[in-house]
Amino acid sequence: MSSKKLTRVSIILVLVMVLVLCYCVELEAQLQVGFYSSSCRIAEFIVKDEVRKGFFSDRGVAAGLVRLHFHDCFVRGCDASVLIDTTPSNTAEKDSPANNPSLRGFEVIDKAKARLEAACKGVVSCADIVAFAARDSVEITGGLGYDVPAGRRDGRVSLSSEASANLPPPFFNVNQLTQTFANKGLTQDEMATLSGAHTIGRSHCTSFSNRLYSYNTTTSQDPSIDKVYAGQLKQQCPQGSTNANLVVPMNPATPSITDVGYYVDVLANRGLLTSDQTLLTNSATANQVSQNAGNPLLWRSKFAAAMVKMGRIGVMTGTAGEIRANCRRSMVVLQVTSVGNGRPSSYVVRVDGLPDTTVGTGDAGVQRVAIVANCDKSTPELASST
């Protein structure tokens, strides 16, 4: 058998071994508060500092970071898949109609990651950065601070189609919202609690214009919306406007403060989205809206607890996934055994949106190398394949 064939056989054997090892994840590993206390003590400080700088440059970034965490966790779990960039061969989550152009805050994550890589190379996951940044955004806007259990690993897959399939659109009714959250292990009460995140931030006119101009076949305007408020929205979002970037604040009175203004608005029929106002159509969620509006401290406490629970959805820990060096790109580490000629024994390739089961084979020692989504814990530098 030629050395070339031996090389290919070696690669295939290693691929098989790696794929088997992928199932040997440390199932006992758990998220924990202070996860980086020994490996990178300044991790949370760096993220908080970047959130603070981003917020004072653009106050809207806080709402963006909270939403980023939500949109990450509801698609493939909290694995930072929402951060991966689109490539010529794959449209990523961030470019799904459910996310683009409304998601924001990516630059804050990028800056935090760059500083963390300089201080603690290959230690802090992008998924944990997103979770920390969401917490810091809640706190900087007046919400209750809370401890974030960490230890998440980063995923390697990001698909636009999965975002559309898992994220609740703005026109969902209360039953659809309840089911969507139940699919992620969250209760109806937690759904109503987390909806309060809409107390900060803004929404594109296209997300609710149907309530103003084309509600149904018998009436153009949603009868559940306050008429004065509807008139104000029509001035801000003119019918027939071709400007897709028009936005309005979710909570006009205090758009940059995490308070119970959202619930006060919903009670007054001034919920901006169908998915906001629908909370009054169910007795249980209507009761939650009233309770939250009247007890700010209670809602802040419930919101913090719900954020922590949401942050545990579908997480990978231990040796599953990876720790990305760049949050926008997945790094796949492949170790192969080569034969003869002093060829290197390992190759590192960066792959965007690579499905977990993708396996490609190639000759060791040349540019066309084998690729596999493995469970290697390390993330070394991009190596030469020659």
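Quick reminder: no glycine exception, Cβ is built from N, Cα and C everywhere.
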Residue in T199, T206, T317 which TrEMBL records at the Ca(2+) 2 site where T254, D259 also bind: T199
Candidates C126, C205, C237, C375 - disulfide partner of C327 as recorded in TrEMBL: C126
C40 - recorded disulfide partner, TrEMBL, among C78, C120, C205, C237: C120
Least buried by Cβ count (within 10 Å) of the disulfide-bonded residues C120, C126: C120
Other same-chain residues whose Cβ falls within 8 Å of the Cβ centroid of T199, T254, D259, the recorded Ca(2+) 2 site, in sequence order: G142, I200, N251, A253, P255, I257, T258, V260, G261, Y262
Residue among recorded positions C126, H198, T199, C205, C327 with Cα closest to the Cα of C78 (disulfide bond): C126
Distance from H198 (heme b binding site) back to C126 (disulfide bond), taken between C-alpha atoms, in Å: 24
Rounded distance in angstrom between the Cα atoms of C40 (disulfide bond) and D259 (Ca(2+) 2 binding site): 33
Alpha-carbon distance [P168 (substrate binding site); C205 (disulfide bond)] in Å: 17
